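Peer 1: Following this message is one structure expressed as structure tokens.
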Amino acid sequence: MDYYRNRVKSMFYHAYNGYLEHAYPLDELKPITCSGMDTWGSFSLTLIDALDTLLIMGNETEFKRAVDLVLANVNVDANVNVSVFETNIRVVGGLLSAHMMSGRVKGMKLDPGWPCSGPLLDLAERFAQKLLPAFNTETGMPYGTINLKYGVHRFETPITCTAGVGTYILEFGTLSRLTGNPHYERIALKALQGLWKSRSTIGLVGNHINVKTGAWTATDAGIGAGVDSYFEYLAKGALLFQRPLLMRQFNEYEKAINKYIRKDDWFMWVSMTKGQVSLPVFQSLEAFWPGVLTLVGNVEDARRIMLTYNQVVRQYGFPPEFYHINNLEAVSGREGYPLRPEVVESLMYLYRATDDPSFLHVAAGMVEAIDYGAKTKCGYATVNNVNDGVKEDRMESFFLSETTKYLYLLFDPDNFIHNDGSEARIVHTTNGECAVDAGGYIFNTEAHPIDPAQLYCCGAKRQKDVEMLQKFEDNMDFVNLLDLDDPTLRELEDQLDEVDLNSEAKDLDKDKAEDAKDRAVYFSTNYGYEDIEYEVQKDAKIEPTPPEPQKDERKEVGSAGFGVEAVEAEAVQTQLPPSVTNEHHQRKQTNKEMKKLVNNIARIDRALKHKSAQSTSDKLLKMLDKLKLEYNALLGASKDLERLNIKKTLRQLEKEAKAAKVPLVQAECQGCCRKLDQRSDSIALRKMLNTVYGKHFYPRQGVRFVQGPICVNSDKPSIENQYFNVPPELPIKDEFAQTLDVIETLDFSTFKFNRLALEQFDLLSAPVPGFFSLFTGGPQVLPKTAANATAV
């Protein structure tokens, strides 16, 4: 193991140093010509991808130097089109992993709020924010390409591969837990929800989908290119964020895959609607599947599949991109090996689960093959053809991020990544003390490890759990925790008597009686009575209330239930005091006088209005006569003007009508320039402008146009208006709320989980060992205990 561990480390540094010397700050190294090139965004992609590998191999000094380079030189606002998928898994994922692992570096200056804040985390969040406008679609599924500076182009294709839609929950969920902003995780879950709703009636998904309509444009179903990491993120997202619904979806897909796509231990490409085989090939990207099965506990099935893939590896030294299952050879035109990591990834998971040395032998063979067939003077090159060994001048960043990392972890069993939870570090954060680096790391699809302990430390769930536990401790009542419906307790209920009471209970009753006696003596001495039971003193004189005079007459009421109350109410209304009667009479007389006065005022007002109307009519007639004279004068003047200009105006309109028949170009993009419907009587001028804008200006600027008005010369087309850069807005109501909670779902009377919670925990647990494992005594995914430990 030591030999191959050192071999892998040498491979990594040969490629890493070659990149820094010949390609940095560009994205990738060209290992044959020893130069560099930009591929995915011009942000030093290989350096970001390699940060956590440096720490896994123990190089803290170079890690700190590389982090400083990234923070100083990476430009988030570059005017460059990038892949939303690749930027997420490589850049956002790489920065998040480096941020979380930076706490292990001795002497590295950390933010006071680490792991919940820090410069690498801030940079990762800024990149994620740049990607958010791509998710602003009707379905919640993202576009495939975005411009970091301007957003999504208005003519961007809505066709995206399935993996490009469903591979965000790990990075976006990690961002939400570390920053406390749930928006990122909700957006990723919305995209997953869109894919789940779009699956076929037989439970499969296609290869490419229209993110605006949800319609499939490529209906081949498989587990390889274009689909692979969608299934991977369902399983890993369920485990990392404790979301049973995602694991349920993964299990449903696994059933459909085994039923329609799997043939023996190979996986074909089939129709997503009928399950008919369309392409009988094995893709090297499919080799991730045994690793995911191992992660969820299906170790025996993963072992069988991996043994099948090992045949291809032994045949060529490393797997070609496409391998024809029936012909047992690499597919023509797809014979290359671009240093992919999927085979060694599954080997790492299976070896950690089984301790089977055969997986180490396969990995050692790949180390020899890569070193022999892909090494150049300044790095490692893509093998263009596994049959003749011809190389291609490219080294993708995942060689440093994934391939060498998984190989190193295979041959380094004591690496901190393999921590089984027996060790952890206690750190003081703004959220209190937290245990971090306790193991259980989940790798994203670019092999960037995520520490679940740090997510819990910064997440809202931790604070909620702390408050609930504190409340439980403050209000703990063990009597209420007992199950009072227990029949054994009910049988004892009638048998308890004074003899069964302990001495402490009797002493409490005695003390209570003495306290009551002392209180009675105190109140009797000071207030004349033994206890506070009255609002007035006992000896206070109370004047008797005189009886009400009885009514002489009462009317009979038909309702027996309301007779007394009705009679009493009527008596109160009819028997009024004399003072009330006189006041009523005076008010009545006053109202009569006021009514008479109002009538007189109304009569006088009508007379005045009639007189005023007559004078107003006379004035109106005089004004109309004057207006008529002025109108006649205006008509005369207008006729004179018409005689002078009518011929000239008609000639001008005729010329403009002829010129208007010549169309001019108009920019098709809305708002890219100010439209000008300029009138002109020159046909030559319009033809010239049509030629200048239609054949020169707009084509050079890449602006689509149609026949119509032109732009003003001083107005330049705006690039911003060719893009939309608005992130999606999700409703405040959290439809993706976490339903699995250890504390809330535990019944303290029986110390059992409720039925729903038990089902959810089962979804996130590994299955019981199968017959083969029990028969051979092979180790399992479950951690070793004293009960199941085997001799080594």
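Note that the numbers count up from 1, one per residue, in the order the chain is shown.
Here the Cβ of each residue, glycine as well, is placed from N, Cα and C on the backbone.
Curation plays no part in TrEMBL annotations; they are all automatic predictions.
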Peer 1: Kindly point out the range from 471-528, 587-644, 645-702 that TrEMBL annotates with coiled coil.
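Peer 2: Spelled out, TrEMBL records coiled coil over residues 587-644, not the other listed ranges.
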Peer 1: CB neighbours of Asp228 (active site) within 10 A?
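Peer 2: Its Cβ shell of radius 10 Å holds 24 other Cβ atoms.
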Peer 1: Would you say which of the active-site residues Glu86, Glu321, Glu342 has the most Cβ atoms within 10 Å of its own Cβ?
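Peer 2: That would be Glu342, with the highest Cβ count within 10 Å.
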Peer 1: What whole-number Å value do you get for the CA-CA distance of Asp228 (active site) and Glu86 (active site, proton donor)?
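Peer 2: Per the Cα atoms, Asp228 (active site) and Glu86 (active site, proton donor) stand 14 Å apart.
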Peer 1: Where does Glu321 (active site, proton donor) sit in DSSP terms: helix, strand, or coil?
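Peer 2: Its secondary structure by DSSP: coil.
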Peer 1: Just the number: how many Å between the Cα atoms of Thr445 (Ca(2+) binding site) and Glu342 (active site)?
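Peer 2: One finds 10 Å between the Cα atoms of these residues.
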Peer 1: How many whole Å apart are the CA atoms of Glu321 (active site, proton donor) and Glu342 (active site)?
Peer 2: 11
